[in-house]
Amino acid sequence: MVCATTLQRKMLLLPVWASMLLGLLMGFVPVVGMEPTEGAKSDFDHAPNTEPLPSSSGTNCSQLTLKLEFSSKVVEHEYIIAFTGYFSAKARSLYISSALRNSGDGALEWHIVPRQNPASDFPSDFELVHIHQASPSSLLTLEDHPYIKRVTPQRKVFRMLKYIPSPEPAAPCNATRQSWQSSRPFRRTSLSLGSGFWHATGRHSSRRLLRAIPRHVAQILQADVLWQMGHTGSGVKVAVFDTGLSEKHPHFKNVKERTNWTNEKTLDDGLGHGTFVAGVIASMRECQGFAPDSELHIFRVFTNNQVSYTSWFLDAFNYAILKKIDVLNLSIGGPDFMDHPFVDKVWELTANRVIMVSAIGNDGPLYGTLNNPADQMDVIGVGGIDFEDNIARFSSRGMTTWELPGGYGRVKPDIVTYGSGVRGSGLKEGCRSLSGTSVASPVVAGAVTLLVSTVLNRELVNPASMKQALIASARRLPGVNMFEQGHGKLDLIRAYQILNSYKPQASLSPSYIDLTECPYMWPYCSQPIYYGGMPTIVNVTILNGMGVTGRIVDKPIWQPYLPQNGDHIDVAVSYSPVLWPWAGYLAVSISVAKKAASWEGVAQGHVMVTVVSPAENDSEAGGELTSTVKLPIKVKIVPTPPRSKRVLWDQYHNLRYPPGYFPRDNLRMKNDPLDWNGDHIHTNFRDMYQHLRSMGYFVEVLGAPITCFDASQYGTLLMVDSEEEYFPEEITKLRRDIDNGLSLIIFSDWYNTSVMRKVKFYDENTRQWWMPDTGGANVPALNDLISVWGMAFSDGLYEGDFTLADHDMYYASGCSIARFPEDGIVIAKNLKDQGLEVLKQETAVVEGVPILGLYQTPSDGGGRIALYGDSNCIDDSHRQKDCFWMLDALLQYTSYSMTPPSLSHSHSRVAPPTGTERPLPQRLEGNHLYRYSKVLEPHLGDPKPRPLPACPHLSWAKPQPLNETAPSNLWKHQKLLSVDLDKVALPNVRAYRPQVRPLSPGESGAWDIPGGIMPGRYNQDVGQTIPVFAFLGAMVVLSFFVVQLTKSKSKPKRRKPRIKRPTYLQQQQQQQQQQQQTTTGKTPGV
């Protein structure tokens, strides 16, 4: 009976199983991970001005491009007063009133600006004060107070989201490419929004009718592998600093707190950017986020008018520290790495173990365009790639420019990930696709949140250890240099393996120096080193996963490999005295030893560095943690090139924003007024550098005064767009050097005091309105430098197109030559008077404007001088038509004394000007160049040159040679210590392979997961593999029941065995039988 009953139940369940499986096959029953029939709606339905977006019929996404612009200005009369610690509101008020009383200005009007936000009930380290007509003396008196650290102006930040019709053809939602554009949309023609906006690989150019089935970025990065293991971000607090989030958005199930830091009375997102970012991190349905179970903390720091203030961010940052936030995403940035209140607060955040993830900016493909705070060592800076693993054109490039001119920039971004066409949550519901590094940033922030939730010992997770895991696990992209990709593409699974076998340690970024490895180690690999050249400087970041603070013990040790000719190079090392927070620098200078002056080959060695940090647990032996790291070094050495092939780039006299206001060289670029790219051969003059290398020239960088180089080693000194003044000793030495054979090429720019007054700007460091203290270049200083040869530039301002030596040229806001020796060669062109246009809005064409001059100095063996009035034709920032051909011609003239016939016999050649046609420019009266000049210092209202600084002196490390062979592959040889990936087991899941098939009209790529994400119920191919699995499952179930039924019919029936009853029951039964026999007289049959 038991077997029969069980079989009957199984047979009864068969119709149920069969119907369910058939329903799956036919699409009647919804399954977790399958697409809804109608597709997801696009509910990013409101433009910034709350106007509805135009709908696009037949698709679930609007065909629009989204442009993101940033700008800022100073709020008049409002100042942020930073204190040395956290104090109550009453104490802060007392300190300010006490300091202002000491100023002696009894009529000073001031009051504390109230800040009504969640942080106002807690102690703070700053106050916002309104001071009417504050004098410099009263502000200085404030800073003299012992508890006041700094006084800076309040900044108002504007972020503009602009919708424009997409220039691309209409496409289904999965193909929509909407871009977060930079604040400089007209700066470079290469940033157009046409088909060239994306890197084209040509891999699928013949298959345009097929599209990749839409994937969510979390599945592509294999987040579902960790979901299947039960990790979904639970217990991790992640903060989104953006435009807010609607309370009842269906994509989020664990929004712990929404706070408003603006002056608007709402917590909702009126723009959609904050919702999109939060969705990439923690959406639980449709366009899935990485960590759906994480605790989402929404900080609304932008209004619906896209306005924010520095004080709002400072208050919100303080509250994030108070709430013990684990991960913070900041999809904003700007070029001002000297905004002290903001930068200091970011340091404080990371010091409190907040892992900050930030976008590096959308100012690519130009180099030297990193945004702050992503360029800070303690922040994870994220760049963007597309789904074909190409660096996105919009993604900003390194290097950092904090260290210029004396040093060299650091490697940034730290990591890259998908930032093109990423799907995220819509404003109310549904999904949409957007692009930009502000999209790539939440991808990493979501991945970091998920990774934190996988670590059992959360004490091991800090900003340094997380960055170490990310960069050590990153997949390097082929054919891309380190200033584009950082350490490579985010690899979530490898990062999980590293993080879960991690032991606190120090590491280096980059982890090795290989000047022979191209293209990854560009620009270091682009030029070999040689004896007598300027030392090659590599700025390495030390990441200290052992603690927020640390130090380098003893001194770094240089150990050359003798079998690999390591004794042919000299190494000097400088480093941070304190590693805080979580990081520091290690500057390595490499030079060739004298004995290798004529030698060619490869030399190798390594630098050993020991880092110690206080142990968080005092029970540790000695109370300190120690970590020793090795920095392998490999260089290519060649014999010293001839003097004529060596070009020296003057970096010392280039100034840029910040700290001062230095205007752009091209005044047409009104949306990009600041000169902030560093003016370095590896940033905005990269193309020029590449061209010179292709022509066989060796280009070196001078980061010190002109008095600090041996002119006999160089053929030409190249000065481009110089804004700095010159020491008298520099002027004297340059004259002597040119008399002895050094040649000089100068590319100048505009300088006109009337135009400078027209483009006035609020200088945040001086806290007053100022005109720029130089023009595009410091022409008066250049005139002082070249006056001994009877040369000078004018204060004219010209632009226009022309042809020179059969080459099309464009003159962009350049000056003219006002005076030149009579035996020199001068080329003149007809140009528009741009100065007249700026000042009076009038247009006039000036004939015969002298723009180019060539001169051979009269001394025996003397050098040659070439002047040109505009640098924009060799500057990547705004170059429209390059003049590299002309630079080649000028170098032929200066290095080899070969006068180009195309110039000497040009029909545009005119008589040299005598200086009477136009007055020479004078320095702007009352300028404040001395505030950020390396040359000038204030002196009784009339700045004068400082004492000439000593030339940099490197202390070469004493070598400790090793008689052993160096590793052959430095990249693969370098790994984090104590990390064994084999010890961390993973589920056996199939790697993601993109499926390709035609999309039906109106088909949506959205997923609908009722009830949220459940670990283990789906994988990245679930939408396509469910029908196959359902069919196989049905066959298995049917086969099972058929076998069971067959077995039950073929078995012979067995007699039931008698159950042996107890003795007393048998006796009772016999008595009952005897009674029956007596009554009936019958004997029962057996």
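Counting starts with 1 at the first residue shown.
Cβ from N, Cα, C; glycine included.
Sequence annotations record features per position, and here TrEMBL assigns transmembrane segment to 12-33 (among others).
According to TrEMBL, the region 'Disordered' annotation covers 40-59 (among others).
What TrEMBL records for 74-155 is domain 'Membrane-bound transcription factor site-1 protease-like N-terminal'.
Per TrEMBL, domain 'Peptidase S8/S53' is recorded for 233-488.
Per TrEMBL, the feature active site, charge relay system maps to Asp242 (among others). There are 27 other CB atoms within 10 A of the CB of Asp242 (active site, charge relay system), with all protein chains counted.
Annotated active site, charge relay system per TrEMBL: His273 (among others), in sequence order. Of all the Cβ atoms in the protein chains shown, 28 others lie within 10 Å of the Cβ of His273 (active site, charge relay system).
Residues or ranges marked as active site, charge relay system in TrEMBL: Ser438 (among others).
When DSSP labels each residue, the domain 'MBTPS1 third' (509-640) comes out as 15 helix, 67 strand, 50 coil, counted as helix, strand and coil in that order. Annotation comment: TrEMBL describes 509-640 as domain 'MBTPS1 third'.
Mean pLDDT across the domain 'MBTPS1 fourth' (641-904) comes to 91 in this model. The domain 'MBTPS1 fourth' feature in TrEMBL is assigned to 641-904.
Remote same-chain residues near the region 'Disordered' (902-922) are listed as 751-753, 779-780, 783, 792-796, 804-806, 816-822, 824-829, 848, 850, 852-854, 889 (criterion: CB distance under 8 Å, separation of at least six residues from the stretch ends). What TrEMBL records for 902-922 (among others) is region 'Disordered'.
The feature transmembrane segment is assigned by TrEMBL to 1026-1046 (among others).
Look at TrEMBL and you will find 1050-1061 tagged as compositional bias 'Basic residues'.
As annotated by TrEMBL, region 'Disordered' applies to 1050-1086 (among others).
Residues annotated as compositional bias 'Low complexity' in TrEMBL: 1066-1077.
Neighbour count (other Cβ atoms within 10 Å of the Cβ, all protein chains): 28 for Ser438 (active site, charge relay system). Calculated from their C-alpha atoms, the gap between Ser438 (active site, charge relay system) and His273 (active site, charge relay system) amounts to 9 Å. For the region 'Disordered' (902-922), the number of residues in each DSSP class (helix H, G, I; strand E, B; coil) is 3 helix, 3 strand, 15 coil. The two recorded residues His273 (active site, charge relay system) and Asp242 (active site, charge relay system) have their Cα atoms spaced 7 Å from each other. Per DSSP, the domain 'Membrane-bound transcription factor site-1 protease-like N-terminal' (74-155) is made up of 26 helix, 35 strand, 21 coil.
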